[in-house]
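Have a look at the structure below before the remarks.
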Amino acid sequence: MGNCHSDTAINTEDEDGSMPPSPVSIASHRFFNVRPAQIVHEASKSSFESCGISETKRLQSQYSYMSNLWESKFYSPINQKLRDGGMKVLDIGCGTGEWILDMAREYPNTKFYGLDLSPNYQTSSLPENVEFYQGNLLEGLPFEDVTFDFVHMSLLVRWLTTKQWEDVVIRELVRVTKPFGFIELMEGDLTLHNQGPVTMKLQEAFLASMHARGISPMIETIITRILTTNPYLEDLHVETRTGLLNKWDGLNSLENGLQVFKTLKKSNLEFMSVTSSEYDDMLTSYVKEVEEYNTHCKFYRFYVRKVDHANAHNHFNETIRSSSTHFRNASKSNPPSLSRNHSTNTNNIFSSSTSQTSRRSSLKTNSLRSVNSLKRYSSKQKL
């Protein structure tokens, strides 16, 4: 794997490291083969560009849509603390960095860090309270334990499997969050509502493709289960919004959704009995149906607080008792066709709760993988 670069996890020079490392800490948190970022090669470029829309433009359109939908950049109760300053905020999957840049302008006394797999973010003329990094969440966040007061992540449902959510993602977010800090996720279910007949066929193929990759379309259920059974989290709040897929508030979300189906054409066709030209015709019908049926999807904001390590054990026991009662009642009240799913979920809860040691071992292995193409950008760096 190459020579070891000792202590290459990024230290943001926070001095309140008096709390002991979280039990989900990654070994000694040393990363190997941390390399300068490389230009994303042609094979990894977004196929949105081949559809006539750049990835940057798509992400900007998506951000505008979500800003209008939620009418707030975050829901965690930290507004005054951000204004007071001295906080550190991490945005994972930051995309073009618009959320961070907007937040940095509104809260100039707070430090903001962005991380994304692809360098779509601005790299010059950055505010002094903004830094961007390129790296892979699934290989371990390149930050020390208990570094951030607020960790934010959004719209990664199409890229993360259920197992990755369970084994890596939430655990890493918890690890880098300070006690009493907040974690906030914004995601959308992959299922559409009020579908026309053609849209339904496209949706079925899309869901089959996601299922083949281990990705659950019902992200609200997955995230709620993981957050409520994590012994280091408490006070979960979930907010829901309905997002129309047609032209809405002057924002053409229809075009964005259409480009998604165009991009997924190859994978969707593997689960459909239609030709390439017939698929294109279906997209024309999709545009009409979205307007006619008011097709929409559900979006969710989850925000939760990390507990003090000293109280984690008691909180863990209370969480398990509560989850056990909830799922026993759920299995009784649901028809037989659903009880198997609830039984499976219950087993997953207890296996995730009682196998902390094996998961720590798994994450220790992950920590020895390289954080691909990590690069730090700051306003002081000349590019």
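Note that Cβ sites are derived from N, Cα and C of the backbone, with glycine treated the same way.
Just so you know, TrEMBL annotations are computer predictions that nobody has curated.
What TrEMBL records for 1-11, 322-340, 363-376 is compositional bias 'Polar residues'. According to TrEMBL, the region 'Disordered' annotation covers 1-22, 322-383. The domain 'Methyltransferase' annotation in TrEMBL covers 89-181. As annotated by TrEMBL, compositional bias 'Low complexity' applies to 341-360.
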Over the domain 'Methyltransferase' (89-181), work out the mean pLDDT and round it to an integer.
93
Going by DSSP, how much of the domain 'Methyltransferase' (89-181) is helix, how much is strand and how much is coil, in residues?
27 helix, 28 strand, 38 coil
